[in-house]
Amino acid sequence: MSLNVVILAAGKGTRMRSDLPKVLHPIAHKSMVQHVIDTANSLGSSAIQLVYGYGADKLQAALGEQALNWVLQAEQLGTGHAVAQANPNINDDDTVLILYGDVPLIQQSTLEALLAVRPTNGLAILTVNLPNPTGYGRIVREQGKVVGIIEQKDANAEQLAINEVNTGIMAVPGKQLKAWLNRLSNNNAQGEYYLTDIIAMANVDGVEITTSQPQSAIEVEGANNRVQLAQLERAYQARAAEKMMLEGANLRDPARIDIRGDVSVGMDVMIDVNVIFQGKVTLGNNVTIGAGAILIDCDIADNAEIKPYTIVEGAKLGQAASAGPFARLRPGAELKEDAHIGNFVEIKKSVLGKGSKAGHLAYLGDAQIGAGVNIGAGTITCNYDGANKFITTIEDGVFVGSDTQLVAPVTIGKNATLGAGSTITKDVAENELVITRVKQRHITGWQRPIKIKK
């Protein structure tokens, strides 16, 4: 028996007030529908049917590289009609799991529990109890047994008082699902083909119906406007922050970080407020992240420190290395063990060796820098001639004085010293002192210009 997942994603989302299809609006680092697709894949599904309609080009551009069966719903005539479009792709012996592209927070564990309670030849529906069930289809029971689902607009006063509601998520045997869908009618207040009507059909046919509930109601909430989208974003962030804390991170304020990717944390990690994580980020043990830092696709080793307002993108920090405040590490940058860059230092596609330091106001691009090197303030590796990039090599123990320009390609030998204000255009041998600045002149009796009166 195979698991065949149908994801409904055909709606425009008019209340979003956007040209973007509703399901492509993002939660954290990926679209709502991508969250749902990823969850479906985590269940080991044999196939995923994506029912689409509005914004087909944008959907296919965003999702087209994935293993999806694209099912067109040319007219939006209700949820039952949407699922019916996938009938040709459903086998009789499939278990069909129906999900929604605008319900991104549904968890794998919740769906596994739903599938576990589905009878062999029956169906299982995911329900939730809400204090205010307005707008939702009510679960109608008789002597505890589910006999149907009644939509809000079709419900009477007694049914409106029910607070157990339908989430729309259900697991259904393929053979019966196709038969029930073919029997649907649009004779209702909306003039639509309701998927929920198959519950009453199942009851009439004597098919066993079971229910399951999510761990929290937020899992089954959708986003129809940007306010609801923001609420789901906050819920996602709270869940992600909780996961980080359980893994060993100390968050100064869990409500004031943003996690837009996959973050792995070691023990005793300290994270201050307003930090943003994007992409794949790995934090070792005892790492400290200062306020306002941005970490993107980076690897931070044990005991390293990212000081406030530092940007680390596509870079690596070794053990006990530190960066910032107000530093920028661009893709390809690597700080080896105990290396340090300070405020207003930018490093790109370069390695700063063990124990080496660039304390402030420097640009290090396309550079290979050894161990124990001191980079003075105002130092620049001039790596670009307007057409090509070139490498600067600085070997172990070099002292680079302030305001030095190294015009690549150039190599500075071990333990060499470069005088402040020098422009280095030729290789420097080991242990040499090089000074290229103009000789200082003293002009006595110098008169400053006087401002001309107009």
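The first residue you see is number 1, and the count goes up from there.
Each Cβ is built from the backbone N, Cα and C atoms, and glycine gets one as well.
Not measured: the values here are computed from a predicted model.
So that you can see what the record holds, here are the features copied from Swiss-Prot:
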| type | residues | note |
| --- | --- | --- |
| REGION | 1-226 | region 'Pyrophosphorylase' |
| BINDING | 8-11, K22, Q73, 78-79, 100-102, G137, E151, N166, N224, R330, K348, Y363, N374 | UDP-N-acetyl-alpha-D-glucosamine binding site |
| BINDING | D102, N224 | Mg(2+) binding site |
| REGION | 227-247 | region 'Linker' |
| REGION | 248-454 | region 'N-acetyltransferase' |
| ACT_SITE | H360 | active site, proton acceptor |
| BINDING | A377, N383, Y384, S402, A420, R437 | acetyl-CoA binding site |
Acetyl-CoA binding residues A377, N383, Y384, S402, A420, R437: largest Cα-Cα distance, in Å and rounded to whole number: 22
Neighbour tally for D102 (Mg(2+) binding site), based on other Cβ positions within 10 Å of its Cβ: 25
The residue listed as 'active site, proton acceptor' versus R330 (UDP-N-acetyl-alpha-D-glucosamine binding site) - Cα distance in angstrom: 16
Contacting positions for the region 'Linker' (227-247) when only residues 6+ beyond its ends and CB under 8 Å are counted: 16, 25, 27-28, 32, 104-105, 218, 221, 254-255, 257-259, 263-266, 269, 271
Rounded Cα-Cα span from N374 (UDP-N-acetyl-alpha-D-glucosamine binding site) to N383 (acetyl-CoA binding site), Å: 19
Among G11, G78, E151, H360, which are recorded as recorded positions, the nearest neighbour of A377 (acetyl-CoA binding site) by Cα: H360
Neighbouring C-beta atoms (10 Å sphere around the C-beta of E151 (UDP-N-acetyl-alpha-D-glucosamine binding site)): 19
Most crowded position, judged by CB atoms within 10 A, among G11, G78, G101 as binding-site residues: G101
Other C-beta atoms that fall within 10 angstroms of the C-beta of Y384 (acetyl-CoA binding site): 12
Which of L8, A377, A420, all binding-site residues, has a Cβ with the fewest other Cβ atoms inside 10 Å: A420
Integer Cα-Cα distance in angstrom, N374 (UDP-N-acetyl-alpha-D-glucosamine binding site) to S402 (acetyl-CoA binding site): 10
For G101 (UDP-N-acetyl-alpha-D-glucosamine binding site), the one of N224, H360, Y384, A420, R437 that lies nearest, given that the recorded positions are compared by Cα: N224
DSSP three-state assignment (helix, strand or coil) for N374 (UDP-N-acetyl-alpha-D-glucosamine binding site): strand
Cβ atoms near N383 (acetyl-CoA binding site) (within 10 Å, other residues, all chains): 22
Close in space, distant in sequence - R437 (acetyl-CoA binding site), Cβ under 8 Å, 6 or more apart: G419, A420, G421, S422
Of the recorded positions listed as G11, E151, H360, Y384, the one whose CA lies nearest the CA of D102 (Mg(2+) binding site): G11
